[in-house]
Each structure stands twice: as C-alpha cells, then as structure tokens.
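Written below as structure tokens is the structure these notes are about.
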Amino acid sequence: WIMGHMVNAIAQIDEFVNLGANSIETDVSFDKNANPEYTYHGIPCDCGRTCTKWEYFNTFLGGLRKATTPGDSKYHEKLVLVVFDLKTGSLYDNQAYDAGTKLAKSLLQNYWNKGNNGGRAYIVLSIPNLDHYKLITGFKETLTKEEHPELMDKVGYDFSGNDDIGDVAKAYKKAGVTGHVWQSDGITNCLLRGLDRVRKAVANRDSSNGYINKVYYWTVDKRASTSDALDAGVDGIMTNYPDVIADVLSESVYTAKFRIATYDDNPWETFKN
C-alpha cells in the first residue's frame, strides 16, 4: 500500500492517486464536544509540505465517497484504503467513546451513504493515544445501534504513538479487538528514525500468536529509506511522494516480492514474509 500522507483537501485526492497512491491518510481534528470537525493538520507538519489545507470533515467525506464509488465521475479504482489520523490529543480521555460515536455517525451518513452504495474503501481508524481505546468501542457500538454492523468488516485499527508493542496489545484487548490491526511506526520526514521497532512489529505479524496483521512505516520520501523499509518487510509506506515509492517498487529486486495492492487484496489478512 502506497499511502499518500496528509491528504486534507478534496483536490489532493486526485493529486496523490495520480502520483501512484492506492491509499491516503487524512487528519481529523475534533471540536471540544468530540465532534469530528475538520480535515486539518496545522503547523508544524512535514518538511516541504503546506500544513494548512483543510475541509470540513463531512464535506471531505463527500468528496472521498465520490472518489471511491464505482460509476461516479470522480471514481479512482485504485484508491482502496483510507487512514484517518484521529487528532484526539485535543480531547479529554473520557471523551474518546463520544468521539467514536460521532465519527461513526458522520461516516455512516456522509461516506457509507447509510449503507446504500456508499464509498467502498477500507478504513483504518488511527488513534495516537492508547488511553483512547474506547473510541473503538463507541464506533463499533454505534454502527450496531444504527443497524449497520456489517460495515465493521471495512474498518481496521492502528495506535500511532510508537508505544511498546506489548502495551498496544493490551489496549486492543481492552477494546475487544481481535483482528483488522495495522501497526504504524515512524516520525516526521524532518527527522530520522531507525527501523528497530518496525522490525519488532514485522516479527509480531509473522509470529504464530501476534496481534498485528499489517505494518506500515511513515513518512518516507527518499529512495534509500524506501528500500530499507521494503527490506524490513513492511506492508505499507506512507509518503509525501507516492511516485518515488512506486518507482522503487518497479525495480527488479522488488517486483518479484511486492506488488501494489488492489481492492481484491484484503487489508486485514496477514501476508507473512
């Protein structure tokens, strides 16, 4: 999965997919009542990027729905996965459940079109704080209450705080999550980070009793760091330059082992090295 980083304006969906992304990451900020409000990152952000592009969250979902609904004039067949980077740092811990509830209602209405031919992309809810695991509970219980539990088949999870892998496993246990787990590791492109924790995550994925289904690394903009991540066995790379990742993947050393995921590839299924 080539994951376009910080896609927060509708116009950027086309831009990143046209550069080779089959997945995008979108920032979601919340108001003080835990409503998802804007797709917005803010300053500071990755080096070389404009930090302030934004839409209202529900407006963005409308654009995303069009981009992922077959038959729509804006449809991109290859856009198959969306990571919502949930900026829950602005919330109190006791608001996490509410945030999950409100997020589910927004997606149900504006993305899934109440279950009637809505957008088809798989969704990863990426949460920066292990203490906010109840966001997952709120999300799940709301879709059940709204009589669309089947949409949970399209939803996966990520804790993005670079926490100890054992601690992440405990948070999933509390949230009752037993699958659909993506594990991120990374740092802003302005700084360097080694691959030690990525290798631990890959080892967990490849073990017989691990909780991780997929591992992705962020934010990778250079050919050398792309090769290093691929050599470590990741499933996804988040980038500001999808064309760079696509180019490295086309090298003969990688074409034998990697290909770009399509809609038929289940993102919750573990593919071991």
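Using N, Cα and C of the backbone, Cβ positions are placed for all residues, glycine too.
Taken straight from Swiss-Prot:
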- His5: active site (ACT_SITE)
- Glu25, Asp27, Asp85: Mg(2+) binding site (BINDING)
- His41: active site, nucleophile (ACT_SITE)
- Cys45-Cys51: disulfide bond (DISULFID)
- Cys47-Cys190: disulfide bond (DISULFID)
For the residue listed as 'active site', which residues in the same chain are close in space, meaning a Cβ under 8 Å from its Cβ, but six or more apart along the sequence? Glu25, Asp46, Arg49, Trp218, Thr219, Met238, Thr239, Asn240
When the Cα-Cα distance from Cys190 (disulfide bond) is computed for each of the recorded positions Asp27, Cys45, Cys51, Asp85, which gives the smallest value? Cys45
Residue from His41, Cys45, Cys47, Cys51 whose C-alpha is spatially nearest that of Asp85 (Mg(2+) binding site), among the recorded positions: His41
Within 10 Å of the Cβ of Cys47 (disulfide bond), how many other Cβ atoms can be counted across all chains shown? 12
Using a 10 Å cut-off, grab the number of neighbouring Cβ atoms around the Cβ of Asp27 (Mg(2+) binding site), all chains included. 24
Quick check: which same-chain residues outside Glu25, Asp27, Asp85 lie with their CB within 8 A of the centre of the Mg(2+) site CB atoms? His5, Met6, Val7, Asn8, Thr26, Val28, His41, Val83, Phe84, Lys87, Ser126
DSSP state at Glu25 (Mg(2+) binding site), helix/strand/coil: strand
Three-state secondary structure of Cys190 (disulfide bond) from DSSP? coil
Out of the recorded positions listed (Asp27, Cys47, Cys51), which are within 10 Å of His41 (active site, nucleophile), Cα to Cα? Asp27, Cys51
I'd like the number of other C-beta atoms within 10 A of the C-beta of Cys45 (disulfide bond), please. 21
